[in-house]
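Working notes, structure below.
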Amino acid sequence: LAFCRGRIVRVPKGPLIRVVGTEVAIPCSVSDYDGPSEQNFDWEFSREADFVRIVSTWDSTFTSEEYQKRVGRGDIKLRRSSNDAVELVIRNIQPADQGRYKCSTPSTDATVQGNYDAEVQVKVISDGLSVSGSKARSSTSLRLSEGDSFKLRCSATTTSPEHTHLHVTWQVKSGSSWRDILSLTHEGKFQPGPGYEERYRSGDIRLDTGANDTYRLSVSQASPADGGAYRCLVSEWVRGADGSWQKIQEKSVEIATVSIQRTDVVISTSNVSVTERDSLDLTCNITTDRSGIFQAEVMWYFSASPDDTLSDAQLLLSMDHDSVVSDSTLISLSHVDRNSYRLLVRDVDVEDSGYYFCEAAIWVPLHNGSWHKVVERTSAPVSVVVTALEPDYDVFLNASKTPKFSDDPTELNCRITNVQDTEANIRFTVSWYYRQRLPGDDVVVEELLASMDADWTLLLGDRGRERIQNGEIILSKKSADTFSLRIQWTSESDRGDYFCVISAWSRHRNNSWVKSKDVTSASVNIFWATQDYTLTVEAVKLKPFFVAGHTFEMTCKVSSKNIKTPRYSVLITAEKPLTDQSNPNGTTRIISLNQDSVVRLEDWTDQTRVDGVVLEKVQENEFRYRMYQTQISDAGLYRCVVTAWSPGGGGMWREAVNGLSNPIQIDFQTSGPVFNVSVHSDSPTIYQGEVADLLCIVTTEGMPLEPDDMSFDVSWFAVRSFALDREPILLASLDRRGIVTQSRRNGSSDLSLERISPLEFRLRVHGCEDHDFGNHYCVVTPWVRSATGVWQREPDIKAKPIFLSVKMDVLNAFKYPLLIGIGLATAIGLLSCLIGYCSSRWCCKKEVQETRRERRRLMSMEMD
């Protein structure tokens, strides 16, 4: 390939057929050359033999004398298209210019390779193309209406001696440039111009051929854009030697000037404002200069937005081209004159506010009697504002009931006054609002309590939702012009400003309700002065001195201030000495009486004296406490704890304040015996499964007593830890009547509790387990019979604990497992020996044949 490479000069393949008088451009290019990128070209011409120099790109003296004038005038020139290509341009070519043209390039290569010139034959033929317009409508002006149809004709013939084809194009000029409408190409194909493809496919634009080489353009449904000057452009094409089509000349002729009168649809009035219940009158005018027979189709639309399309708008009424109007009750459409159509909307409503526009279509008759729609237009929207008929009224708010204390009722009445210009289609509803008064310049926020819709639907606000649902706030309509808000039990959080808003609703034609006006009342302030609750309780001892066994009696007198209709609940408490083990906290709740006079025993656990305490209401503010057959263990400070209650919402009582009385002391002076308790065990350390014996021993000091005059309640407790850091567990108890009570146990061990002497009590734990260890102690409650025969309970006495340790007997624990293990091992060994013997004896026995040997005596070496 490297050796074959060389300069190549190219010109079109001839012959080139051109028409006399036209401009000819013959291209020439060079490739595969060395040297500078911009190459020079020389053109020469020959009719028969010798070549005559025409023009050169680099030598101005190259032109021969024969062509100097034509080159000087510019009739012949070179036009460079790139560094390696030029065109020889000959304007107004003549038959004398027919011949061979040679293009050559001076060498810039290092070696001479390839071709440095190329020739092409140019043939000049006579001009046989003729283009003309229709004789009847040559250079005419057409004035048409929008939607009309028109036809234009032109004639094109050729007498060329060569086999040429014609290319016919219809063009229109509405501005400064011509636009292609439709073409019949030299290859016999129809080609619509840009923007005319859809109309060509629909058949509104056609190009037909007729006799005498005529070409007819038919345009249907003419629009204002179709106006302008129309011409017929005809070009002549010939197929070249390389098979491609070449345009050899072009001619045109202006046929007609067409003007299209636009058809406009206009609503006669601009923005309209009407009052509710009046009539809306709109007229749709169609502007057209059409004089023939036509009918209009009119449709009125309504839209809430001016930007809505016809598909989004609502069709109100329509009239077709046969003057048939669609049915409607409150809307009518009438034909005023030839080009005007009136829309009348009676009894307009506020919802009729919006944008109205009309769409009109022009229909013309065809030859077969049918109607054809030629144009359709939509008017610009007209804004219509319907002003509502607002009723005139005032709103007055007053408080018929105001609270003086918390939980008092509050009632507000919202009244409609001075009502004017109202109709039967007006309905009033109310909305209630609350506004809290804030100190300083803080922003006041209005909170909706409840509002009423036009269909009497109650809408609840966040503030009052729960209370309204519970019936604590009642909303009602007392009369046609009065609405009421009642708070059953007003609290301090309800203090503030209240106001109401009366809304007027108008009923529309579709029976829907639309709010037309709101009127707000002046606010009413709900406030009452509050003072702190005061409660005073005084306890009085009725009998200044008494002894054990007598009745203790005291009264509690209560006085209160700033509490509305109070009721009191009373609780009697006793503060026992710290030596009392039954209540280590020191305070005992004995009996109570609530605000409804229901008596309840609280922490009173003496089953023998269930009826020994009484609390009763003497007067509204006086209560009396009695305790019969007092015991020495009842010694302590007694108080009255009083709670004042005030009526709350929903019939409930609300706690107001608490009060505590002065203490009343019960103190018994006695010189009776002193009891001591101790715990003893002969063997505090035992093994599992053995019996643990624990003795609770009571000793007396001071005045001796007969055994029949004293009795004891004994309870045994255990703390399952080395240190006394856990809660004690009740094991068993023995009351003074000899009844034993045991607590529930989880293990297999068992308990027994018995009295072995008047002052000794024994606890036995049978079959001790490891979880029976711990500190064990007893609590003794002495009972002493007084001289009057009344049993008096002494304070509880707690003994010092003793630790019980439970150990495991290792020999007994492993005796049976060892015997069982040795027996199993011996049995398995004997079984193994038996299996081995049997296997070797019968299963694995093998017969061995021994070769019999001769028994000969050894010979001496000398004999050998």
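Glycine residues also receive a Cβ, built from the backbone N, Cα and C atoms like all the rest.
What you see is a predicted model, and the numbers here were worked out from it, not measured in a lab.
Copied over from TrEMBL, here are the features:
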DOMAIN    21-103  domain 'Ig-like'
DOMAIN    106-254  domain 'Ig-like'
DOMAIN    263-360  domain 'Ig-like'
DOMAIN    391-520  domain 'Ig-like'
DOMAIN    673-781  domain 'Ig-like'
TRANSMEM  816-837  transmembrane segment
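In summary, the domain 'Ig-like' (391-520) does not lie against the domain 'Ig-like' (673-781): fewer than three C-beta pairs, each 6 or more positions apart in sequence, are under 8 Å. Between the domain 'Ig-like' (263-360) and the listed ranges 21-103, 106-254, 673-781, the one holding the most Cβ pairs under 8 Å is 106-254.
Mean model confidence for the domain 'Ig-like' (391-520) is a pLDDT of 85. According to DSSP, the secondary structure content of the domain 'Ig-like' (106-254) in residues is 12 helix, 84 strand, 53 coil.
Helix, strand and coil counts from DSSP across the domain 'Ig-like' (21-103) read 12 helix, 36 strand, 35 coil. Note on the domain 'Ig-like' (263-360): DSSP counts are 3 helix, 52 strand, 43 coil.
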